[in-house]
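First comes the structure, then the notes that go with it.
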């Protein structure tokens, strides 16, 4: 996939991240692409749902599975604004997604290059092609701005 | 938790595994205990739902989150018949479950002792206490019998 296409889909993931931000959730968004079509979208909903499993990637994978009526997403590409955590990396392995593109790295919990690389561990029965740093600055800025604004609001309250 | 209590709750997880087996799913079951009460139950539903994320642990965590109206399960114990995969290990980290008890080890995809130990990696922001091998033989037998029966049925068809 050429860089322009990668950035097009990452902008769609950023649009999902903005939907999370608007409702006060940590702004992380994800889309899943299959044959050039977006078949799954998701944004972080942990606080609103009070469900620890509702990360952007899980919701997008569930929507893509429902669209294809199959748990196998072998021909799909996943775009996510932040490097996946262990749960989401595992869901990518379980759904056999072929390619993963992410924006910002997550040095605290990222398992696709930062702390380890679950998606390219040959001991699992599936590996994915990984491209890091797609619209990295924009994806990282969304998070930085979100947490800066939270700190400012807290200071004002004090 | 004393061994008898551990075995009591693992039998409840085995009951969930049997619910999966009856409908033709790989027999894996899970329960989540909080203050001595089962607040989440789940069994593998991947094939029926065609959703790659619907492992026993994910469904049990979602039910427990809904029961407590909180994504935090800090005081909870999780019982599962098979060693968790990366996705479910990640969901355990994300929901801050305190203690994990599993029955059979999974040498192919287990990430709580077999291939690695995600639940006791100090780089993540949560670690869980892990007890392996609770009713190990019964949990492993459920899986062995299931796959043996599938092979027999296939041979009959040929």
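Cβ atoms are placed via backbone N, Cα and C, with glycine included.
Over in TrEMBL, the protein carries these features:
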| type | residues | note |
| --- | --- | --- |
| ACT_SITE | B:57 | active site, proton donor |
| BINDING | B:55, B:85, B:88 | Zn(2+) binding site |
| DOMAIN | B:4-115 | domain 'CMP/dCMP-type deaminase' |
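Within the set of binding-site residues (B:85, B:88), the lowest number of other Cβ atoms found within 10 Å of a Cβ is recorded at B:85.
DSSP places the residues of the domain 'CMP/dCMP-type deaminase' (B:4-115) in helix, strand and coil in these numbers: 45 helix, 27 strand, 40 coil. In the predicted model, the domain 'CMP/dCMP-type deaminase' (B:4-115) has a mean pLDDT of 98.
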